[in-house]
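First comes the structure, then the notes that go with it.
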Amino acid sequence: EDRPKFCYLPDDPGVCKAHIPRFYYNPASNKCKEFIYGGCGGNANNFETRAECRHTCVASRKGGPRRP
C-alpha cells in the first residue's frame, strides 16, 4: 500500500469540546467521511478538507493515491 499508516487510524474527536467539522479516511469504504473534531488531541487521520483527505489516503483503482 502506498497510503500512510495513519490513514488506518479511527476517527478521533480528541479531548476538547470545540465543534469543528473535519474529514477522516475510512479504510472499510475507501472513502473520506466527515466527523466532528474537538480542537485538540486526536490523531493524524484528520483533514481540513475532503480533497486533502482523498489526496493523502484514498487509493485509486490503479493502486496509487488518487490525485485531487
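Cβ coordinates come from backbone N, Cα and C, glycine included.
The disulfide bond recorded by Swiss-Prot for Cys40 joins it to Cys16 [selected from Cys7, Cys16]. Each of Cys53, Cys57 is a candidate, yet Swiss-Prot gives the disulfide link of Cys32 to Cys53.
DSSP assigns Cys57 (disulfide bond) to a helix. Using a 10 Å Cα-Cα cut-off from Cys57 (disulfide bond), the disulfide-bonded residues that qualify among Cys16, Cys32, Cys40 are Cys32. Remark: Cys32 (disulfide bond) has Phe23, Tyr24, Tyr25, Asn26, Phe47, Arg50, Cys53, Arg54, Cys57, Val58 as non-local neighbours, by Cβ distance under 8 Å and separation of at least 6 in sequence.
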